[in-house]
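To keep things clear, I will list the structure first and then write my remarks on it.
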Amino acid sequence: MTTLTITRPDDWHVHLRDGEVLADTVRDISRYNGRALIMPNTVPPVTTTEMALAYRDRIQAHNQTEQFSPLMSLYLTDNTTADEVRKAKASGAVVAAKLYPAGATTNSDSGVTDVKKIYPVLQAMQEVGMLLLVHGEVTTHDVDIFDREKTFLDNVLAPIVQDFPDLKIVLEHITTSDAVVFVKNANENVAATITAHHLLYNRNHMLVGGIKPHFYCLPILKRNTHQLALISAATSGNKKFFLGTDSAPHAKGAKESACGCAGSYTAHAALELYAEVFEQAGKLENLEAFASHNGPDFYGLPRNQDTITLVKDAWPVPASMPFGGDIVVPIRAGENMEWKVK
């Protein structure tokens with residue numbers, strides 16, 4: 001197959017950052033996506049409806065397309081109120097709230113210290129129909145970084161699913177076979193996003209032959225057996241799994257340092273990267289469901305009405321890309337991509 005036409009895709013998990021870099025990140029995310037769900041872990045975090053609406057306006061100021069719309073999310077803290085959730089839902093612009101366990105990832109220090117503290121908020125979310133997005137890792141120092149996801153599933157997420165059976169939950173950027181099994185076995189209100197880089201790479205790519213800092217992300221890349229489980233889930237056509245890139249840019253110097261930041265930038269070529277995975281798995285026919293159907297269906301939103309076309313046409317990824325007054329090194333920097341969006 002050398003061409004593939006699919007319903008216009010959406011990205012259900014992306015980091016655009018804030019300030020002058022929006023000119024670059026919005027350009028990349030809006031190139032062919034219909035919608036993107038914008039993560040709220042900016043500095044300061046997006047904790048109120050007013051902040052979410054203001055952030056959306058800053059994003060839209062750089063949107064040069066007609067088809068792209070940013071969808072906003074709230075950052076949950078120990079102090080988030082049920083009233084704020086209702087206000088966010090009523091705004092029509094905020095579609096979800098994000099649970100970051102405190103300290104789990106970039107700019108998560110303001111996150112939730114104990115899930116029980118936000119149970120009234122989760123109850124309100126269940127009542128008004130606002131989705132809960134979850135960064136599924138525990139942050140206690142006694143848990144190995146490669147076991148954080150499994151421990152979170154057992155100790156944190158399972159009780160939430162049991163206590164709030166009607167709350168729609170997205171387990172974001174899953175990285176383990178354990179998460180695949182959890183989502184498959186959970187009720188119909190639990191789904192998951194999967195990134196391109198967790199499908200393409202495992203921890204050997206990051207660590208063998210020298211440390212590759214641009215593969216360092218959170219949740220961290222796992223062993224090959226988990227990677228294969230993710231590929232199987234993503235390409236299966238199962239409606240519980242859909243596209244969320246977790247594209248997370250950092251300036252080159254912040255990645256290539258003695259204490260490098262976590263995050264991989266894929267927004268420049270996300271759909272093309274996914275297409276490679278699906279082609280290698282012999283499941284290109286399921287890319288449309290993963291990229292364009294399952295996400296809006298789970299969110300209760302209409303599918304996009306127009307289409308985009310991928311062609312088998314090699315093109316080089318630049319060694320770096322503009323990032324405000326700095327540069328970002330994208331995934332596949334200096335290499336060729338096999339697919340291209342026309």
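Please read every residue number as a count from 1 along the shown chain.
For all residues, glycine too, the Cβ spot is worked out from N, Cα and C.
In Swiss-Prot this protein carries:
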type	residues	note
BINDING	HIS13, HIS15, LYS98, ASP246	Zn(2+) 1 binding site
BINDING	HIS15, LEU16, ARG17, ASN41, HIS135, LEU218, HIS250, ALA262	substrate binding site
BINDING	LYS98, HIS135, HIS173	Zn(2+) 2 binding site
MOD_RES	LYS98	N6-carboxylysine
ACT_SITE	ASP246	active site
Which residues, in sequence order, are found in the same chain with Cβ within 8 Å of the centroid defined by the Cβ atoms of LYS98, HIS135, HIS173 at the Zn(2+) 2 site, excluding those residues themselves?
HIS13, MET39, LEU99, TYR100, ALA104, THR105, LEU133, VAL134, GLY136, GLU172, ASP246
Under a three-state DSSP reduction, the secondary structure at HIS250 (substrate binding site) is coil
Spatial neighbour of HIS15 (Zn(2+) 1 binding site) that is closest, considering only the binding-site residues ASN41, HIS173, LEU218, HIS250 and their CA atoms:
ASN41
Which of these binding-site residues is closest to ALA262 (substrate binding site) if you go by CA atoms: HIS13, LYS98, HIS173, ASP246?
ASP246
Top of the binding-site residues LEU16, LEU218, ALA262 by count of other CB atoms within 10 A is LEU16
Here the Cα-Cα span from LEU16 (substrate binding site) to ASP246 (Zn(2+) 1 binding site), rounded to a whole number of angstrom, reaches 10
Three-class DSSP assignment, HIS135 (substrate binding site), comes back as coil
Cα-Cα, HIS250 (substrate binding site) versus LYS98 (Zn(2+) 1 binding site), nearest Å, comes out at 21
In Å, rounded, how far does the Cα of LEU218 (substrate binding site) sit from the Cα of ASP246 (Zn(2+) 1 binding site)?
10
Hey, what's the widest CA-to-CA gap across HIS15, LEU16, ARG17, ASN41, HIS135, LEU218, HIS250, ALA262, the substrate contacts in the record, in Å?
19
Binding-site residues near LYS98 (Zn(2+) 1 binding site): from ARG17, ASN41, HIS135, Cα within 10 Å gives ASN41, HIS135
Looking at the binding-site residues listed here (ASN41, HIS135, HIS173), whose Cα lies nearest to that of HIS13 (Zn(2+) 1 binding site)?
HIS173
